[in-house]
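Participant: Pasting in a structure now, in structure tokens, and then I'll have a few things to ask.
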Amino acid sequence: MAPPGPAGAHPAAAEPLSRSIFRKFLLMLCSLLTSLYVFYCLAERCQTLSGPVVGLSAAGEEAGAPGPGVLVGGRTELALWSSATQRKRFLQLRPGQRRRRPAGRDGGEEAAWEEETPSLTGGPVGSGAGSSVAEAPPGTLALLLDEGSKQLPQAIIIGVKKGGTRALLEFLRVHPDVRAVGAEPHFFDRSYDKGLAWYRDLMPRTLDGQITMEKTPSYFVTREAPARISAMSKDTKLIVVVRDPVTRAISDYTQTLSKRPDIPTFESLTFKNRTTGLIDTSWSAIQIGIYAKHLEHWLHHFPIGQMLFVSGERLISDPAGELGRVQDFLGLKRIITDKHFYFNKTKGFPCLKKAEGSSKPHCLGKTKGRTHPEIDREVVQRLRDFYRPFNLKFYQMTGQDFGWDG
């Protein structure tokens, strides 16, 4: 029979077992706390997702620091996505915040988007329920998890000023696969020396299958822009929103007049010599509308099939129709339809329908739809006669008759 061991032998043998149990307890406790924390974080984000969400991305800060946004459609659109796509969109959401979009920079579209109380004068454009609107600025869970990356834009709205570029960009943002910069970067006309790395850093993060976009209307009339964009990528898709050049010139003048009430009259700026009727093509308001002349520079670097020309007039009268063409051009599923719009007769513009759970639709801001000054009819006719040959050439180049001379 073996002799009994020394005193204290049994506690020493039990000591490793105690440490093992203690370590397991700590591991289970840490796992429980981690699970609770993750659940709390997810629950905090889920509580705003009781209904379908459309996130309008925040506009950038001044000095070109745009805030990316995420857009998710309503129940119909969500049903079309795979579960993986829905998970990606969910990861990019965070509780929405109401906001006003700041005005664009000088020389570009300056419209802000605002929330309005629904008006009895606003009639529907099509039918169907509107989509909920929420914002998803930087700092989302997707970014924390390092989902997505910043890419150079695959599509750019290059013009024209006062043609409807801001409206087009905001309408496109309803699409879940479009991510766009809010403020106009003005990279290819004003900041090209800062380099492509600087330009890329302005872009929002995108996920697989999403398109990065920006819009700067002055590119269309900048001589260096076509070669510079081509040098970035020959595959870049270009969108040009055009409008009756006479109406566009008056709208351009009206915008300037709102900022500088002391400028000369439209009539005096239009002519070099009123008596001879010689048009002053050096005035930017007139020069921008000679679309055929500007397009020639772009066709040296891009095929016509890589450019889409959107009618500014039809963007107002039939926004869903024009958006359908744009979605096809960009290779996107036709998610934006007439059910997303209603027409505000007071403003004279289509608006995105009100968000679910909100009484306020989203319309172009107060800087849009200004009342134009009364222009001498003879001056307007002189301008129509001046633009007619350029318009006809533009129709031939694009294969589209925009009906400005009818």
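The backbone N, Cα and C atoms fix where each Cβ goes, glycine too.
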Participant: Disulfide-wise, see what TrEMBL says Cys351 is paired with, picking from Cys46, Cys363.
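Facilitator: TrEMBL says the disulfide from Cys351 goes to Cys363.
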Participant: For Cys351 (disulfide bond) and Ser251 (3'-phosphoadenylyl sulfate binding site), determine the Cα separation and express it in whole Å.
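Facilitator: Between the Cα atoms of Cys351 (disulfide bond) and Ser251 (3'-phosphoadenylyl sulfate binding site), the distance comes to 20 Å.
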Participant: Whole-number answer please: how many Å between the C-alpha atoms of Arg166 (3'-phosphoadenylyl sulfate binding site) and Cys363 (disulfide bond)?
Facilitator: 11
Participant: Out of Ser251, Thr371, which of the binding-site residues has the smallest number of neighbouring Cβ atoms within 10 Å?
Facilitator: Thr371
Participant: With every protein chain in view, how many other Cβ atoms are within 10 Å of the Cβ of Cys363 (disulfide bond)?
Facilitator: 25
